[in-house]
Amino acid sequence: MQSVMSSGPSLEADSVSILRSIIPGLESTKHKGQAGKIAVVGGCREYTGAPYFSAISALKIGADLSHVFCTKDAAPVIKSYSPELIVHPILEESYSIRDEEKSSISAKVIAEVEKWMERFDCLVVGPGLGRDPFLLDCVSNIMKHARERNVPMVIDGDGLYLVTNCLDLVSGYPLAVLTPNVNEYKRLVQKVLSSEVNDENGTDQLLSLAKGIGGVTILRKGKSDFVSDGKTACAVSIYGSPRRCGGQGDILSGSVAVFLSWARQCAAKGEVSMNPTILGCVAGSALLRYAASMAFDKKKRSTLTGDIIECLGRSLQEICPV
Ligand SMILES: NC(=O)C1=CN([C@@H]2O[C@H](COP(=O)(O)OP(=O)(O)OC[C@H]3O[C@@H](n4cnc5c(N)ncnc54)[C@H](OP(=O)(O)O)[C@@H]3O)[C@@H](O)[C@H]2O)[C@@H](O)CC1
Ligand SMILES: Nc1ncnc2c1ncn2[C@@H]1O[C@H](COP(=O)(O)OP(=O)(O)OP(=O)(O)O)[C@@H](O)[C@H]1O
Ligand SMILES: [Mg+2]
């Protein structure tokens, strides 16, 4: 029986033990893909950094393959950041197409993603996605297909904007993980609970929110990260950095995708008993916070997201040496 809490009344999760329990061994018998195939749906004309941070973090943590489904404009830019990523330039924003093209483009997008969908262990929906209505409509269709195929989804950034306005996309889907920052959490609470964020009763409110969306898992980001699936709640407060450079949430989304895939593999073998989405969130949060503190020790005020990504490998090695 796996315990997510450390002993005592604190909500703090035993995140180091959780990390160690779900990280797979590196065995010579394994083939490419067994350690995880992740896809990020995000990246538009404005934002190319966010999907890159998410997808490259997944690889640096140990996934074997990392795909990005983005707009045609964003693709060459994301490809130029890294030859490691498999980049699909399939999405379109309204400015680049005529109204009469919309239905055929929408069908093409879903046909392209469908070719790959069953191979993915997890999707990350939203990093740098933007808010173009036509693009979000296509992404809604991608999410519906992922759900039909029982593919887990980590929803972040503009994916949360989409989901907050259309809760049915995730409501009642236990393989959905929402990772809101302070603004995104506020919008979710207002929409689902018709109230304002109440920090005095923060854990109860988080439990109600996760329950209100039908048992999805929510990772509320902040000074401490709080995680709940509507039944249990826990926190990750260890490590962290005082630098709040943009992009740390993107590292987190890619990390959670990998860890929840690993946690599901462990759960299928009966090695863990906690909800794998909770384990994935706790592990992702702890690793990001550890890498951020390591990067800050070295770079101080000039710490950027790229510096934190560079520390992911050493952080993993210190927590779970190979
Ligand atoms: N290097 C990169 O590429 C990075 C890219 N990033 C990407 O940026 C995107 C937004 O994420 P974020 O974190 O800025 O969202 P958040 O805190 O709610 O917003 C702050 C304020 O901005 C506003 N606002 C935001 N988007 C808007 C829009 N499209 N159109 C209009 N308003 C918008 C918002 O206003 P509000 O909606 O509250 O009225 C709030 O006041 C997301 O795709 C993320 O992945 C980040 O991951 C960082 C690294
Ligand atoms: N005040 C804080 N103190 C310590 N750590 C924090 C604080 N705020 C956020 N973090 C850490 O940074 C991570 C990212 O949270 P943040 O709120 O910056 O997300 P975000 O706004 O979505 O980021 P992004 O810029 O990638 O969109 C969280 O997992 C959390 O661990
Ligand atoms: Mg964010």
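Each residue, glycine too, has its Cβ placed from N, Cα and C.
Please treat TrEMBL annotations as automatic predictions, because they have not gone through curation.
These come from TrEMBL:
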- 15-319: domain 'YjeF C-terminal' (DOMAIN)
- Gly128, Asn181, Val182, Asn183, Glu184, Tyr185, Lys186, Arg187, Asp250: (6S)-NADPHX binding site (BINDING)
- 221-225, 240-249: ATP binding site (BINDING)
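Among the binding-site residues Ser241, Gly247, Asp250, the residues whose Cβ lies under 6 Å from any atom of ligand 1 are, in sequence order, Gly247, Asp250. Here Glu184 ((6S)-NADPHX binding site) is positioned 10 angstrom away from Lys221 (ATP binding site), judged by their C-alpha atoms. Comparing Lys223 (ATP binding site) with Val182 ((6S)-NADPHX binding site), their Cα atoms are 10 Å apart once rounded. If you take every residue in the domain 'YjeF C-terminal' (15-319) and average the pLDDT, you get 97.
Each residue contributes its Cα atom, and for Gly247 (ATP binding site) and Gly128 ((6S)-NADPHX binding site) those atoms are 10 Å apart. Close to ligand 2, meaning a Cβ under 6 Å from one of its atoms, are these of the binding-site residues Gly128, Lys186, Cys245, Gly247, Gly249, Asp250: Gly247, Gly249, Asp250. Once Cβ contacts within 10 Å are tallied over all protein chains shown, the binding-site residues Lys186, Arg243 are led by Arg243. Val182 ((6S)-NADPHX binding site) is 11 Å away from Asp225 (ATP binding site) when you measure Cα to Cα. Checking the binding-site residues Gly128, Lys221, Lys223, Ser241, Cys245, Gly249 against ligand 3, the ones with a C-beta less than 6 Å from an atom of that molecule are Gly249. The separation of Ser241 (ATP binding site) from Lys186 ((6S)-NADPHX binding site), Cα to Cα, is 23 Å. Within its own chain, Glu184 ((6S)-NADPHX binding site) has Gly157, Leu160, Tyr161, Thr164 as residues 6 or more apart in sequence whose C-beta sits under 8 angstroms from its own. Nearest neighbour of Val182 ((6S)-NADPHX binding site) by Cα distance, taken over the binding-site residues Ser241, Cys245, Gly249: Gly249. Glu184 ((6S)-NADPHX binding site) falls within a helical segment according to DSSP.
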